Structure formats: structure tokens, C-alpha cells
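S.K.: The structure follows.
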Amino acid sequence: MLRAASSIRAVANRGLATAAVARPGVPLDEREGKEIYTTVGIDYNEPKFDKILIANRGEIACRVIKTARAMGIKTVAVHSDVDSNSLHVKMADEAVCVGEAPTAKSYLRADRILQAVEDTGAQAVHPGYGFLSENTKFAAELEKAGAKFIGPNSKAILDMGDKIHSKKIATAARVSMIPGYDGEIADEDMCVKVSRDIGYPVMIKASAGGGGKGMRVAWNDKQAREGYRLSKQEAASSFGDDRMLVEKFIDNPRHIEMQVLCDKHGNALWLNERECSIQRRNQKVIEEAPSSFVPPEMRRKMGEQAVQLAKAVGYDSAGTVEFLVDSQRNFYFLEMNTRLQVEHPITECITGIDIVQQMLRVSYGHPLPITQEQVPLNGWAFESRVYAEDPYKGFGLPSVGRLSRYVEPKHVDGVRCDSGIREGSEISIYYDPLICKLVTHGDNREQALNRMQEALDNYVIRGVTHNIPLLRDIVQEKRFRTGDITTKYLPEVYPEGFQGTSLSPKEQDVVIAFASALNARKLARANQFLNQNKQRSTHVASFSKTYKFVSSLPVKEGERPTEHAVEVEFVEGSANKAQVRIGGKTVTISGDLNLSHPVNSIEVDGEHITTQIVGKRAGEITVLYKGTPFKVKVLPEQAVKYLQYMKEKAKVDLSTVVLSPMPGAIKNVNVKPGDMVSEGQELVVMEAMKMQNSLHAGKTGRVKAVNVKVGATVDEGEVLVELE
């Protein structure tokens, strides 16, 4: 084996302390908190691996480490140079640096991962998901090196990882299929021809793809050409394999998948379905298990077809068979993911089976501990993918930055947080911007959903833009609450894009009352401080006077906010209870009215409400209410009089410039100074978090300047191209 430059860091006495005192048969969640759900328990007399290496990063690496630690297995983490202080590195017993920040120079370097296995003496490798998890050559090389691949055998990965070949196998296994072209698409012209033959719309996707990358929907020839080119580039970047296929796009389906678990003794189980229809850019946003759309008989048929396919390829690990389901409950095979799925926690919640634990057991050679008849379906679970993304831009353009404040809502009943970050962690342009998989479990769908609302309201994230506003709005939205969802849910519910939560008049009063009460309390405290050397009666007087403000709350972007005359009077001199008069209405507010607290639990007219203060400056408080930040102006009456003399800033015409919508790297520049371009023409292609983004001209005109070159790294808001 070729030697690769690597550095090994051993962490003494970490990881085994928990397992040393663990009792056989005790569920993992008693020792590891609420991160892991299993009722199967652990047999500590059963042979197992001594040490495994996790060929991944972030939350999935942490997730695998938790189960391995509970089983008494030592762990080795790998990392890039920018990940040296990451949480998964700190959690592991040993860590090996495998290269530079770009994935192609580190996490996708199979040779360096193999060298790390040899250097550390790891007996097996868990690949997580993404990266090398579905790389047949890597799995085969591991086998040659005498190490186990904690996943399916390399032949099964090859058969199912190639989307073209997998469709042929699925057809032979009598799995319901989507119409399409079985061969590889050679170029843009062929893509257009095949698309016409199938009939638009079509789905253009990478043969080796997954996770929503390398996929585009095309409704015409132009989109087919652009979709082929962008998806091919994306596939090469993400998977090192740019082969493409085309199939009929089923408009407005549900995306429902079946978890399978198989061993090396011919046993195969289906662990119930997951509903994954809420998506943007073909990536899942919120998942649930089970699906409210799937009756028991349909569940059985989907499960049996999934197992048929798994057995047809000799599958021997955890995997997921994905289906598209139409409105008549007809289901069609989409693909099989030969790895641990991102959303596996919700299946663990409803079955009590730790899928990672069983992957470790099966890879070692043990049979599955239960039969199909013993697979339970207990309650309901949801997973919200919390991303460092701006939900107001295309339902989520990636964001970067450092987490200046970070508190997970683990105190909420039924909550599980699978994350790979902590306060102070950096979200960079090199990797997926996932912050956490927020999971809730309840006795039924309504309880699990209510717990998700509470968890999102209590989730504290500062320093990066995140998608909690969108997640929180979805979980309270009527269609979602009733289970009326398809893959078109987001564009149908938010046709103009996500604009934030819309507040009713009553909810507007809540936000104004809260902000005004906070401001009044701040002034009362200031008066106490200024008068601290005077008689005590002046201290009480600070909370006995009436504070008058003019408050305003913009309900929609661009609209001039309505101003309200507000009076705040603290009840019985209490700092935590006040009556707020807004025009002719009176609101009673009590509870945590402290500006310094990240989360405020209050009661408004007897109703419990959770809010957060995410920004404050003179005359303005930004209140996070139902996930959406609202900037509330709270000004003394005199100050408002002077505002009329302040000129409003003129709006800038941005149609003459192309701005970077996010931090990223420039992949293509398609114009030069002097070129004539038409409105909507593609000018620049940039990549961020392994996703390709095409940037277009906002108007017809001549190119005045091109400020970037291919390979350049740019920040959000940089001017890339200028038009005359």
C-alpha cells in the first residue's frame, strides 16, 4: 500500500468509560442521553470489532461514534486540515488528518483513508453517507486490505449504485418501475433527443448520484441542455462519476422510501416507510415516519418489494429503497441508496432499532436479532434538517460563518439532536451546511409535530443565517398539519418564495406588547441604577410609572409599518408582569422579560408563548416569534416626531449587476467585457457546498466588466459581472 502523508493523534482514555460500566441489555439511550433510540439493547458478551474508522465528518461521524462508544468499540476519526477542531475529531479516540479542505483532496482520497486504516490498526470502516459510502472500488480495496466495510458488499453497491444498471435489476425483481431510457446519455444533443422521445417533463440525473445532487428537471430543450451540463459537472464534483441518465418526471408525486436491514445469513427486514416529500432542489427538508398517506396493506407491498430487490442483489447491510408515489397510491422504484440514510433517526424512533448498531453487528458477521413479525411501529417521528441557509433565497441558499451562540433544545420531551457542531464551530464553504438533524418522537403525529414546534422555538442559533424560520412555518401550516403534501409542497404553499410567517392582528399585538414591555423594563432598570443612592421608594417607583412609546411592526417586506401608541404599566411594581395598551386594546404579559436571555418563556393573556431576542439596538428590538425574526421599533413619542425629517434611502437598481448570492467558488464565466447579453442569459456558474448555481442577467445589455475568473473564491454580495 502506498504511504500517504498523515498525522495521527491519540486521545487517551476516551470512549470506553461509558461502556465499561454499561449493563448487558440496557438500552443505549439510558447512557447516551436522548441521542440514540433502541429497545434491543447490547449483548456485551457478543464478539465485536475492537476499533473502527469513520470515513466521514460532521454529524454522521458523531452519530456513529456514539453507538460504537456505547458498544465498547474504539473509534478513529479522519479530518481535513480545516476540520482539525471539529466535534467528531474531539469525540473519537484517535484522529488522522487526510488532506486539505476540498473534499477531493481529503475525504474523497480513498488512498489516504486506506493508509489511515493501516496506520491505526482499525479493523473496519464505517463510511457514513456521501463521500465514499457508495464507492465500489473503495469497498473492494478495503476487503483486499483485510478490513471490513461497514456497509453492503461491493457487488451490491455496484449493482445498485449505478442507476442505469439498478433499473434493470429492479425490473427483473418485479419492482414497479418509472418509464425512462435505460442507457447512458453521452452528450447534450442525446439528452435532448431522449427527452423528446420520453416526453417532457423529464428528470436528468447522475447515474452515481444521490442526496439531491446532480439532478435537474427539464421541461423543454433549453432546460435539457442546461440541466445536462450542470448536473454532469455537479456529479463529477460530488461523486467522481459524471454518467447521466434520463427518465420520465412524475409531476407532483410523493417521495416515500422503505428502510431495509439485511445480514450475511440471508435474512432481510423492512423497517417501515419514511415520508420525504418536503424538498427543495431535490433535497429533503422535513421527513416523517411513518407516512400518513400509506395504509397497512400498501406498507406491506412496498416493504416486500424493497426486500425482493435487496435479496436480488445479495444485500447485507442497511439500505433504503426509494419510491415515487402518485395520487392514486401507485408506487414506482426510484433508486436504492446502499448506505445509511440521513433520515435514519426517525426509523429508529418508531422501531426501537439502532440501525448503526445493527450495521456494526452485521458487518462483523452476526445475524439480525429479530424477525419481520417482531418489527414494531411505535408512535410517530419527525426530522427537521436545520441548515446554515437563507430560507428567503430560493428556500435556502447556503450561508457561512461561526456559531457565536448555540444551544440545542434537548430539554424538550421527545427530542433528539444529531449534530456535529458546537458553539464556536465554523460553517465553511467546503462542506454541506447541515447544522443538526432535529428529531421529535411522540405517541401520535400531532404530539410529535407539537414537540417539533416547541423544539424549533427553543433552538438558539446565532452567528449564521439558518432555515428555522421556514421549518417553523411549515410545521404550523394547515396542509402540512393534515398530511396533504407532495414534492411540489414548497412552490405551491410559497409560490413567491418563503417570505416569513404572516402574523394575524392578534399575533402582531403579541410581538408589539413583548417588545414594548422589554423596553419598558430596560428603562425601569436604568432608572433604578441612576437613582440607586436615593431612597428605596424611588426603586419601587421605577416599576410603578407608565412608560409611553410609539411602536411599529412591518408585516410585509417593503410595506410601511403602522405606528401604534403604546403604554406599558407594570402590575403591582413587578418587573415580570405588565399591562400593555396598544391603541384601544389591553394585553397582559408576564414571564421572562429579560433582554439578556436567549429564550424568553412568556404568557400573553394566559397563553404560553416562546420567543427569542435575536437583535437589539437603540429604538429597535428584533423578536423571533414562530421562527421568523420581526424588527419592532419602540421609540419615545418625542423621538418619533423627529423621524419625519429623516430622508429614506433610495433603492439601488441591481439589474445592472450580477451579485454572488452566497460564498462559493467560480466554476464557469461565460461572458467577457463588450459582449451583448439578453435578460435571463447564464453569465456565471458558481459552486458552494457541492451545489452548482447558475447566475443570469437581470436585463438585456452590454457587459461592462467581469470581475472574477474561474477558480476564484467569492463572498456573498460580491459584484461578479457589471452591465452598462
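Just so you know, glycine gets a Cβ as well, placed from its N, Cα and C.
According to Swiss-Prot:
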| type | residues | note |
| --- | --- | --- |
| ACT_SITE | R339 | active site |
| BINDING | K163, 195-256, N282 | ATP binding site |
| BINDING | E322, E335 | Mn(2+) 1 binding site |
| DOMAIN | 167-364 | domain 'ATP-grasp' |
| DOMAIN | 649-724 | domain 'Biotinyl-binding' |
| MOD_RES | K690 | N6-biotinyllysine |
S.K.: I'd like the number of other C-beta atoms within 10 A of the C-beta of A218 (ATP binding site), please.
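M.R.: Summing over all protein chains shown, A218 (ATP binding site) has 23 other Cβ atoms within 10 Å.
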S.K.: Look at the binding-site residues V202, I250 and tell me which residue has the greatest number of other C-beta atoms within 10 angstroms of its C-beta.
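M.R.: The largest 10 Å Cβ neighbour count belongs to V202.
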S.K.: At the Cα level, what's the spacing in Å between V202 (ATP binding site) and E335 (Mn(2+) 1 binding site), rounded?
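M.R.: So the alpha carbons of V202 (ATP binding site) and E335 (Mn(2+) 1 binding site) sit roughly 16 Å from each other.
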S.K.: Whole-number answer please: how many Å between the C-alpha atoms of K163 (ATP binding site) and R339 (active site)?
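M.R.: Here the two Cα atoms lie 15 Å apart.
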S.K.: Can you tell me the CA-to-CA distance separating E335 (Mn(2+) 1 binding site) and I250 (ATP binding site), as a whole number of Å?
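M.R.: A Cα-Cα distance of 14 Å.
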S.K.: In whole Å, note down how far the CA of E322 (Mn(2+) 1 binding site) lies from the CA of I250 (ATP binding site).
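M.R.: It is 14 Å, counting Cα to Cα.
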S.K.: In whole Å, how far is E322 (Mn(2+) 1 binding site) from E226 (ATP binding site) when you measure between their Cα atoms?
M.R.: 26
S.K.: Counting all other Cβ atoms within 10 Å across every protein chain shown, which of the recorded positions K163, R339 scores highest?
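M.R.: Result of the Cβ crowding comparison: R339.
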S.K.: Give the helix, strand or coil assignment DSSP yields for E234 (ATP binding site).
M.R.: helix
S.K.: How many whole Å apart are the CA atoms of E322 (Mn(2+) 1 binding site) and R339 (active site)?
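M.R.: Answer for this pair: 12 Å between alpha carbons.
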S.K.: State the three-class DSSP label for E335 (Mn(2+) 1 binding site), counting H, G and I as helix, E and B as strand, and everything else as coil.
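M.R.: DSSP call for E335 (Mn(2+) 1 binding site): strand.
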S.K.: State the count of C-beta atoms found within 10 angstroms of the C-beta of E234 (ATP binding site), not counting that atom itself.
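M.R.: Taking all protein chains shown, E234 (ATP binding site) has 24 Cβ neighbours within 10 Å.
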